[in-house]
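Contents: one structure, followed by commentary.
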Amino acid sequence: MTQRIAITPGEPAGVGPDLIITIAQQDWPVEMVVIASKALLQERSKALSLPLTIIDYDQHAPAKSQKSGSLTVLDVELTEPCVPGTLNSANGSYVVETLRIASEKNISGEFDAIVTGPVHKGLINKAGIAFSGHTEYFATQANCSDVVMMLATKGLRVALVTTHIPLAYVSKAITYERLQKVTRILHKDLQEKFGIKSPKIYACGINPHAGEDGHLGREEIEIMEPAFAELRADGIDIIGPLPADTIFQEKYLAEADAILAMYHDQGLPVLKYKGFGSSVNITLGLPFIRTSVDHGTALELAGKGTADSGSFIEAMNNAINLASNK
């Protein structure tokens, strides 16, 4: 059966629409249903001088693989016309509406996965809509109290205990309960979505040198080690906490199915250095599959045909592979 993958371009003034039109210039073994403004896609394809045939989405028709130069589109009107590279807060509600439709139709089983383009969080909030990120939004839509943000590239997966919070709040956010929940979700999805029978997880400490026996902080001793001990007792193979400045050595990465980082800028700089342009964001713990690009809106590139589509292609391929494991 042909898979049906929902795609949201994200910020209309950014490179999301460009990338979708670019990757549509090849055949795909799935139906790519873009939840977006048809007019926006048509205008952007002309700006890029790329051919585009739009097929109106019919949920009652059987899914068909996507042919080169075509996109299936579920039309959502822009609030106001869009100029590439120029933000307009009036379209913040449009962006959120595309995400709402995508999540609802994935929860219902109409789609097999969601692939999301980059959004501008500040603009959505400026529009009066509280929004801290895709991960948190989809968790709310799916009524999930706990989800996990993981980024992946060739040879490295990094999951985060905390995501989009100020660094000053990180230490208090890393609790015994949070470590338990995040690690269990990571372990479960590595098994069920990635087909890894016995996942091995390496965990970073939070302090320099993982606290150095409590001399540089006691979170490792008082919170992390007891949490990991209970996880091991339940059969979860987790190693750590280890110093974050040494955990990314090849000798560890060769064994690790995932690295568990305590905060956003502890784990992601290494991953993006290793695979920028070819890494993908994956949300774990949702009742549906969601992948995304690993970059921002790149407003300065919108409509110019110079944006790199590598991460979007990886996000698509990961979504297809994960959906095949369901």
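Any Cβ shown, glycine's included, is placed from N, Cα and C.
Per Swiss-Prot, divalent metal cation is bound by HIS209, HIS264; the candidate from HIS134, HIS164, HIS295 named for the same site is HIS164. Figure note: comparing Cβ neighbours within 10 Å for the binding-site residues HIS134, HIS209, LYS272, the maximum is reached by HIS134.
Sequence-distant contacts (6 or more apart, same chain, Cβ under 8 Å) of ARG290 (substrate binding site) comprise ASN106, ALA113, ILE114, VAL115, THR116, HIS134, PHE138, ILE282, THR283, ALA319.
Around the Cβ of HIS164 (divalent metal cation binding site), 12 further Cβ atoms fall within 10 Å across all displayed protein chains. In sequence order, HIS134, MET149, MET150, LEU151, THR291, SER292, VAL293, ASP294, ALA315 constitute the residues six or more apart from ASN281 (substrate binding site) in its chain with CB-CB distances below 8 Å.
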